Amino acid sequence: MNNNTTCIQPSMISSMALPIIYILLCIVGVFGNTLSQWIFLTKIGKKTSTHIYLSHLVTANLLVCSAMPFMSIYFLKGFQWEYQSAQCRVVNFLGTLSMHASMFVSLLILSWIAISRYATLMQKDSSQETTSCYEKIFYGHLLKKFRQPNFARKLCIYIWGVVLGIIIPVTVYYSVIEATEGEESLCYNRQMELGAMISQIAGLIGTTFIGFSFLVVLTSYYSFVSHLRKIRTCTSIMEKDLTYSSVKRHLLVIQILLIVCFLPYSIFKPIFYVLHQRDNCQQLNYLIETKNILTCLASARSSTDPIIFLLLDKTFKKTLYNLFTKSNSAHMQSYG
């Protein structure tokens with residue numbers, strides 16, 4: 001048996017806990033996101049740009065959920081499969097493609113939602129005397145586009161096209177070229193977990209994407225706070241407190257999502273690529289375990305998003321409430 005294979009040994013966390021967690025996340029995520037998509041597509045008549053962003057976010061979430069069974073079976077059976085077996089290739093290709101493509105799409109869409117929420121604030125204040133000429137021009141020529149449903153629809157389609165156009169060739173290259181160059185005997189091995197040169201470069205670019213998304217959200221929140229302070233020193237904003245509170249809540253929710261789910265992953269990934277080059281099997285196993293746990297944490301956001309939608313969109317919350325209220329009323333009447 002190859003040295004690289006024997007060096008990588010899955011712990012109970014990888015072989016037992018992660019498969020169970022991925023299956024549970026898949027069940028919760030498929031149910032919640034399918035219900036959310038049904039509401040967005042059939043129950044909400046007049047769709048705003050936020051609804052379009054959230055609908056595409058749900059699509060990305062469902063794609064992540066579709067990868068979870070592959071990830072689960074990989075961690076459960078990967079140490080028993082042969083490296084060149086069909087099931088190893090299929091799980092590796094579909095799991096990697098679905099997981100990473102949809103994660104990057106989700107990140108970009110969350111960034112656009114943050115910009116859209118800030119644009120809502122600027123729309124409310126673009127006619128105020130306290131708004132600078134720069135802010136009026138910035139809103140008039142750029143920000144307001146993020147609130148236009150047509151622009152939101154086209155932007156989301158472009159995002160899917162660009163991300164898939166990058167991820168698919170990298171995944172195919174890794175599966176066809178890089179994955180066949182190693183001498184590993186088992187599916188769960190060093191090369192599968194670490195990736196080769198091209199896939200590592202792609203991983204670092206992906207980490208940069210996460211940093212970019214986080215920067216966009218932080219910038220939106222900082223701009224919001226700065227704008228709010230300026231407005232408060234110049235005029236009364238009591239009549240607009242609800243709008244400001246709503247925008248602040250949305251930006252905070254997105255910030256928390258990125259901090260909890262994606263920030264640990266993005267911080268650890270460069271460290272992982274630097275430290276894994278040392279010939280220390282115990283340290284390598286710890287690094288791989290940590291990477292897999294943080295990847296699972298990042299993908300968990302896709303399953304919890306339907307709860308987040310209740311905080312991001314009042315129409316979705318109201319529609320869901322009415323749906324369950326009517327359902328309960330009909331159920332009570334049938335027993336009346």
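Glycine too: its Cβ is placed from the backbone N, Cα and C atoms.
The membrane topology recorded in Swiss-Prot keeps Cys7 and Ser185 together on one side. Taken residue by residue, the topological domain 'Extracellular' (77-92) breaks down under DSSP into 8 helix, 1 strand, 7 coil.
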